[in-house]
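Asker: Structure incoming, see below.
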């Protein structure tokens, strides 16, 4: 049992893995089996030739737990690399969200104004609804969603965080 | 070598090319093609088990006593699910096993077909890695990779799930020489800078200790030899976990005995009071540490382990060295000699005086019975009777396991197989059979309890069929003794379902299988009865009737630190030893 006194930290991890059946189940199973948190998870193939996928996991835990998570992930046979972007520092984090708002009259105009100031795009329009597309850091999206809440927010679909380090070097 | 053959033939060819001589298995619908391919060759001998759990434990015993990979072959569905306990056992104790499972044909996967289960899904968390082979042209590569993964780095079990149509399909076989794993390349050599720091720290130690574990055994006999060399060079005391027994000779003066919950007083006190702890291939398991926030509070800790996830998992480490024990100790020895490092002889003499004081408490002492056999007395008598022989010991799980660890002494590695991490009752008999297959001329004894032995007893039939003369030495106290002991400790002596009701007549049972049964309840006749067992050529089930009330001591009660052990001269301390918080722990 690690000391509970250490406060939890939020870390963004980037994993390069073989895109083979079951690899995501291995990673998700590791988190659930060992009681770690997943705040956000994104996965997609990034190299079709070498069949590599990149997974971005955002997790929270005490420093000792974060260290455990990284070494446990690194131990999985199809995992090539584990990089802690939070430790590397200043990484870019982006998330995309599609947000549906329903309303008429003044509420509708207000929603459009807010969308505009957040540089969200309107990707679907009916006489009584909009779907906005917004890209940004997770907290920007949080803020956008909370502003739309009183204006007829219907549903939200978020991709989860994709992240990459700054500068010329790869992970 | 590239050759066209069927999937089933590829499996056999891969086993042959990997140098496999023995495998343990049980046929069924989804592996019949592999059994047919086996029929056409003579290089790999198959041991037919009676239950798939037994097959995996046999493979574990085979692997641990020989240093080779244990191989298992079972069918789909129940064949695979029955193997799960053994696979988990092998994962927790880091034993290299390759388990081949049959699967329903590819087009039926997901249809709830007869004897279908999601084998890779079920075994994902209990294997080091697993594969479902959907294309026969991947099969040879996967087979070779499975052997590589099972025995490289920290060893573990690997499952290869092969649908029946893939076993029939034809494809190109490739030999192991053409296979290199793309990503999995564990690091063997330790970081030289860390090794230099470790040597400096060790050389300046006033109260050092080596805390060694199963990693030393897994690293091979050379690792044990190097550990001995380094320990003698320094004169530092050595203790070991349950899994590491035999890596350091028990007859040596520097040996403190096993540490942990049922370890010796001197080992635990030395761990608590040391100033430099050198952990070699062990993982600070909860049986070892006791209360973590009071674990060895004043020491600087060095941890040598091949698995980075073992570092800082439970205990904060000051100098981690990632690498294989053999390579790391070798480098430590080189650096130690080149730096002309010398231990602090004066401080060390004082440390040994303190340790000898703890030793004088004689924490493993017991009163031998003259009317009833004490379980410790039985293990001791067995040890004295066989210690000069070429002997391998396995155990089941419970009090008898701890008494065996305390009172049977090992001089060499790979001689002691026990289920440490998972604590699997039923491990000992099949493990003994696996050991006997690897060492047909040696004496193999399963030290058992009357409850555990009934969990895989059916394998006695396997022992008879294959002329494997294993000896089963049952300490029969008519209780699930460790459960009873904990009910004494935690639940006011209310023995809820821990009495071994309706026990079979073990002598008749052995005879029913075609083996020999011996019963002994008289201390005066014990040595003679053990001799009779040893003089018997075939398998023997020895029913040793022992004291029902004996508790396994010394003991660190759960939730307590190392320096609050209960010793056999004050057993009454057991009564209120465990706090409310400690009761939550296992």
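Using N, Cα and C of the backbone, Cβ positions are placed for all residues, glycine too.
What TrEMBL records for B:5-121 is domain 'Thiamine pyrophosphate enzyme N-terminal TPP-binding'. The domain 'Thiamine pyrophosphate enzyme central' feature in TrEMBL is assigned to B:195-331. TrEMBL lists B:397-544 with the feature domain 'Thiamine pyrophosphate enzyme TPP-binding'.
Looking at the shown structure, what environment does each listed feature sit in?
Answerer: Mean pLDDT, taken over the domain 'Thiamine pyrophosphate enzyme central' (B:195-331), works out to 97 on the 0 to 100 scale.
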Asker: Please list the DSSP helix, strand and coil residue counts for the domain 'Thiamine pyrophosphate enzyme N-terminal TPP-binding' (B:5-121).
Answerer: 58 helix, 22 strand, 37 coil
Asker: By DSSP, how many residues in the domain 'Thiamine pyrophosphate enzyme central' (B:195-331) are helix, how many strand, and how many coil?
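Answerer: With helix first, then strand, then coil, the domain 'Thiamine pyrophosphate enzyme central' (B:195-331) has 57 helix, 27 strand, 53 coil.
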